[in-house]
C-alpha cells in the first residue's frame, strides 16, 4: 500500500509540472474547454497557405513540370527519400503522414520567421509560429 501511495504522489507531481505555462496567452473559452487562440489562428493560416499553394499548383498539371509543379514534385521526392531511408522498403503508406508533418512544421517555422505576426495586437500574448509555443 505504501508503494501505491508513493506512486500516486509521483504522478501528482508530474501533473503539477504539466500545468506550468510559459508566457502570456490569448485564450478562447468554450464551456469548460480552454484553448490557446494564438496557436489556432496561426495554425489555420499555415494550413491555408499549404492548401492554397497546393490548389494553385495542381489545378493544371503538365507532363513536363514547370515552376510550382516542379517545386512540389521536388518536395515530394525529398519526403519519399527521407521516408525510404528512415523506414526502409515498407515506406509507401507512411509518405502522406510524414509529408503532412514535415510540411506543416516547415511552413510553420518559416511563417514565424518571415511573416510580421507582431503587427497584429492581441489582448494577451502574441501571434507566432505554432511550433514556437512550448505549451503546444
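Every residue number used here counts from 1 along the chain in the order it is shown.
Here the Cβ of each residue, glycine as well, is placed from N, Cα and C on the backbone.
Of the listed segments 72-93, 94-115, TrEMBL assigns transmembrane segment to 94-115. Within its own chain, the transmembrane segment (94-115) has Cβ neighbours under 8 Å at 42-43, 45-47, 49-50, 75-76, 79-80, 82-83, 87, 128-132, counting only residues six or more beyond its boundaries.
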